[in-house]
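Below is one structure; the comments refer to it alone.
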């Protein structure tokens, strides 16, 4: 579903737009592909955060580098795909208006994930897993994709998608990481996230973990009521 050919020369994509007049783009946002392809064997499609059109005012950015909610919906339609749920992992509400998803009939869930530490937040992992399970178990959502994004659609996004693939779909950590990176079009950058994914696989197999996690997963649930609150506010 990507509007770019995947390659790892993304460091050479145009830079500097974040320093132009108007709202400041997120750091390094422009160097990553807007959206990956839906991951084979799953419902997931990873993408970087869409931005409100006001972020592009005064920057004279090429249209293909601008990326908003409407852009993603259009790309999905062109690929004969339908996104039914978007899970937003950014730790801010400043990038776009969440009501835009509802305007396109897409459910929206916000999980505030601080950068660099989602692997220590087992409560967020379980919230993510529960939300995805609830969505895929509803027959009304058959065939619909689940869009997942953080700021760059890479590290927090990759970690949580891979955790679902490991914990629920029984992928090995190696396969989950490789698949995510292939379909996202970029490698995960946080080595401690990758290490934590291998630890999660070991914990699932042997019931032991040498790492630490915070949060109380026993009290962590995502319900239809929470999804409703996210989409009605």
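Keep in mind that glycine also has a Cβ here, set from the backbone N, Cα and C atoms.
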Region 'Disordered' according to Swiss-Prot, located in which of 1-21, 22-42: 1-21
Helix, strand or coil at residue 150 (active site, phosphocysteine intermediate) [DSSP, three-state]: coil
Remaining residues near the recorded substrate site, that is with C-beta within 8 Å of the centroid of the site residues 151, 152, 153, 154, 155, 156: 32, 48, 89, 149, 150, 157, 158
All-chain count of other Cβ atoms within 10 Å of residue 152 (substrate binding site): 25
